[in-house]
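K.L.:
For reference, TrEMBL lists these features for the protein:
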| type | residues | note |
| --- | --- | --- |
| DOMAIN | 28-612 | domain 'Major facilitator superfamily (MFS) profile' |
| TRANSMEM | 69-90 | transmembrane segment |
| TRANSMEM | 97-118 | transmembrane segment |
| REGION | 135-159 | region 'Disordered' |
| TRANSMEM | 168-191 | transmembrane segment |
| TRANSMEM | 203-230 | transmembrane segment |
| TRANSMEM | 250-274 | transmembrane segment |
| TRANSMEM | 316-338 | transmembrane segment |
| TRANSMEM | 350-374 | transmembrane segment |
| TRANSMEM | 386-406 | transmembrane segment |
| DOMAIN | 421-490 | domain 'Kazal-like' |
| TRANSMEM | 543-566 | transmembrane segment |
| TRANSMEM | 586-608 | transmembrane segment |
């Protein structure tokens, strides 16, 4: 009978039992492939939001402070739930939790794009008023203007749907942060549990690489989407009047969220089929590994504050984390608003500015992170050496970032706006120009005006496509008396290449400190506290850097606004900034954070030196020079352990 069974199982006519035993969902390599795609999609959403935040700000009339809060709001849900994720660990079906989080992030992306479909077409200032009011934007006598129906128009524009846009966007960001909570922690722990010890670093390295390039793809895709007009699905080509260079241009910000939602949905599906427990890559590892002791949620919540406080009592750990918090706050603010800074300071389009961040700065930062890790491995740098490496990198970063403060120009001359003037332009006083008008034109004399009406223009010329090419008969323009559509620009476009080059070099140098600082944290705490120490580190990142950073930068930017946009009697986004103040305060805050990080790393070097000076070596065995060298080497390896009070 046993022989018959053996014959039946080896019979080529019955291949089904072996086929059923093999499945790609039992392969950790396939899990790594799926998780790489999911992390790429999830981080693409995060990078895309930052790339399109200034466009959303312009579309819905938000201040930079509000847009900064919107950019950081996904960290709220993430911070609240990350502690529970560190407790759950292997107690739950991790692949299904990851898939559920991805599906929630998919719904959040759709929710963020929803306001575009619920609202009407984008109405920039020249289109707020109807044909009965000064729709042409030209100078007309007040007597020739009919009664203004702006109240009716405002009631249509500021309906319930438009007022509810900001809460919907905040809710979408909140759900996006909650959905991202289980993706990385559960994915990394699942891979580490079932991969071989030999392959685990390779798999985690792949995930780290995807983690770094995901935001870059988000910025690049944002650059591509923002070249498309926001209402291309609602208007015909003839109705799209704005050009990319127009300060009122709004790109198709919502399109990227739909694309990301589709990618997240597809990437989430495989996780519904992965098992809770997967066969390990090597049997020896399966026999050697012991399950971690189970603890209750109540015990975990009670022990967490004690472990966190014990970890924070380590001076080296605390100083390194504070240094990283400074650099993280710097990164959070620059990633959110640097594209806007380049757009305004160097008179570039939104899509081009976004491409500079995603195509230059982020790749150089990734390269610096990788080379920092290679340097640590090749030179076998100790914790003391890592602290010096971080200090040197941040010191060089300070030297490379300081010149950025002086690379820029003042705001172009705008009649009645800059230099500041409280009196109205007498040459256009009789034109009845609406206070809300914003359609910049550049006079032939090099002076910019807020609109053709403010320039006193009485006629315009168009091309064969009915696009305005110039305005004529402009009473406020000296010389030829003509003006061209669009801003005159700051005149700093020649400084763009040096600025972006120096910014990229600064990103490259600063990222050198990332890997050494992580190694310092892992070697500073005791082995049993490592997991929670990393959790505390990321929680401090979110509470002290990722959440307040963009809001702080946005608030600083708002203080440099000299003319706010107006729509229906309310302030919207800023029309004109004092570019000198913008540059000095925005980049000055960057220098402050760099100095904060440098101070913390310098104090770390001092603490490690004092610890090494007070540490006594145990006496070696008599007559054993080798024993002395071993003890000395051991003391160098254990020097960063936490001091417990």
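Glycine is no exception: its Cβ is also placed from the backbone N, Cα and C atoms.
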K.L.:
With the transmembrane segment (316-338) as the reference, find which of 97-118, 250-274, 386-406, 586-608 contributes the most Cβ pairs under 8 Å.
P.N.:
586-608
K.L.:
Near the transmembrane segment (543-566), which residues from the same chain, at least 6 beyond its ends, have a CB less than 8 A from one of its CBs?
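P.N.:
That would be 61, 63-69, 71-72, 75-76, 79, 125, 325-326, 328-334, 336-337, 340, 411, 417-418, 420, 435-436, 438, 450, 572-578, 581-582, 585-586, 589.
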K.L.:
List, by number or range, the same-chain residues at least 6 past the transmembrane segment (250-274) whose CB is under 8 A from its CB atoms?
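P.N.:
Distant contacts of the transmembrane segment (250-274): 25, 30-31, 34, 37-38, 40-42, 44-45, 48, 52, 55-56, 58-59, 95-96, 98-100, 102-103, 105-107, 109-110, 112-113, 115-117, 122, 124, 218, 221-222, 225-230, 232, 350-351.
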K.L.:
For the transmembrane segment (386-406), give me same-chain residues lying six or more residues beyond its boundaries with a C-beta closer than 8 angstroms to one of its C-beta atoms, as numbers and ranges.
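P.N.:
Those are 316, 320, 323, 327, 372, 375-376, 499, 502-503, 505-506, 509-510, 512-513, 516-517, 519-520, 583-584, 587-588, 590-591, 594-595, 597-598, 601-602, 604-605, 608, in sequence order.
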K.L.:
The transmembrane segment (168-191): which same-chain residues, six or more beyond its ends, come within Cβ distance under 8 Å?
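P.N.:
Long-range Cβ neighbours of the transmembrane segment (168-191): 28, 31-32, 35, 38-39, 42, 45-46, 49, 56, 69-71, 73-78, 81-82, 85-86, 89-90, 94-95, 97-98, 100-109, 111-112, 114-115, 200, 203-204, 207, 211, 278.
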K.L.:
Please spell out the DSSP helix, strand and coil residue counts for the domain 'Kazal-like' (421-490).
P.N.:
6 helix, 17 strand, 47 coil
K.L.:
Taking every residue in the domain 'Kazal-like' (421-490), what is their average pLDDT?
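P.N.:
A mean pLDDT of 84 is what the predicted model shows over the domain 'Kazal-like' (421-490).
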